[in-house]
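Listed features, source TrEMBL:
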type	residues	note
BINDING	D69, V72, G74, D76, S78, E90	Ca(2+) 1 binding site
BINDING	P168	substrate binding site
BINDING	H198	heme b binding site
BINDING	T199, D250, T253, D258	Ca(2+) 2 binding site
DISULFID	C37-C120	disulfide bond
DISULFID	C70-C75	disulfide bond
DISULFID	C126-C326	disulfide bond
DISULFID	C205-C237	disulfide bond
DOMAIN	27-330	domain 'Plant heme peroxidase family profile'
SIGNAL	1-26	signal peptide
Amino acid sequence: MGQSSFLMTLFTLSLGVIVFSGSVSAQLKQNYYANICPDVENIVRQAVTAKFKQTFVTVPATLRLYFHDCFVSGCDASVIIASTPGNTAEKDHPDNLSLAGDGFDTVIKAKAAVDAVPRCRNKVSCADILALATRDVINLAGGPSYPVELGRLDGLKSTAASVNGNLPQPTFNLDQLNKMFASRGLSQADMIALSAGHTLGFSHCSKFSNRIYNFSRQNPVDPTLNKQYATQLQGMCPINVDPRIAIDMDPTTPRKFDNAYFKNLVQGKGLFTSDQVLFTDTRSRNTVNTWASNPQAFNAAFIQAITKLGRVGVKTARNGNIRFDCGRFN
């Protein structure tokens, strides 16, 4: 995917402006650190692999962290910043409280490994380390490997308020999903491919309980939900369930990055409304059917989508720097 295909677009979001421009995305390149920290990809991969061996949660936690970072103010590691008495940061917004600590820990450990090499110390951004770690966890879970564009700077701001209205919700319909992704330069196909991140990880019962207990007066259970699957979900998530209980989002291969997500949608086993709508809405159904039967086509589309995601809101020297500590501003 050449830079020329990335249109110069300016989108105004509810809280500020994210700029997608030829000049900003042009600062990203695959060999950005070749003369600065030539072994950075191996260093990050070793740290991520060590973390992965400790807990599989490393995979969905890191992937989700990257998505939540890029969608709010761009891919600038602002989601990793800790709150201070004078500022409630992004990570403490209600929509981010379910981000697993293992994602943050993965980036912090990889950053420490990079900074342990004298020539690399304080030369590689937390935002780039998160982008590399995301590729590595996807690959460790059986997904594709792909070249990562690098050259992002870390953001200088992180506020909980900036998260409002900037993350897709589990109740979204296709129009809402398309609008939110389009405002970040991502197509419907990109949105469907990135939604497949739900082939990994888990969700709390409260995020989908409306579909299995009180969907509507006529249908207590969402009729687009596979009946057997709905019964299973009710068994795992009884009405007064402990809010901390979480279940696998992919009921078939929850520890594998694969195209099972789309096969599940065809069978009515999308956990969220925002998942199942990709099959129930005729405008997106063909894409779901294609990727359910063609894993290679899905992998290619996913690589394209996550590469475009990585270009969202990239910071330049004017509005970014390289953090010494990923969790606080310099």
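Keep in mind that glycine also has a Cβ here, set from the backbone N, Cα and C atoms.
Note: TrEMBL annotation is automatic and uncurated.
Cα distances from E90 (Ca(2+) 1 binding site) to the recorded positions H198, T199, D250, C326 are smallest for C326. Apart from T199, D250, T253, D258, the residues listed for Ca(2+) 2, the same chain places the Cβ atoms of L200, T252, P254, R255, K256, F257, N259, A260, Y261, N264 within 8 Å of the centroid of those Cβ atoms.
Using CA atoms as reference points, the binding-site residues V72, T199, T253 were checked against C326 (disulfide bond), and the closest is V72. All protein chains included, D76 (Ca(2+) 1 binding site) registers 29 other Cβ atoms within 10 Å of its own Cβ. Ranked by CA distance from G74 (Ca(2+) 1 binding site), the recorded positions C37, C120, P168, C237, D258 have P168 at the top as the closest. Spatially close to S78 (Ca(2+) 1 binding site) yet at least six residues away along the chain are D69, V72, A89, E90, D154, G155, K157, S158, S162, judged by Cβ distances under 8 angstroms. Cβ neighbour density within 10 Å is lowest for C120 among the disulfide-bonded residues C120, C126, C205, C237, C326. Neighbour counts were taken at the CB atom with a 10 A radius for the binding-site residues G74, P168; the maximum falls on G74. Nearest Cα neighbour of D76 (Ca(2+) 1 binding site) among the listed recorded positions (P168, H198, C205, D250, D258): P168. If you compare Cα positions, D258 (Ca(2+) 2 binding site) sits closest to C70 out of the disulfide-bonded residues C70, C75, C120, C126, C237. Considering other CB atoms within 10 Å as the measure, the emptiest surroundings among the binding-site residues D69, E90, D250, D258 are those of D258.
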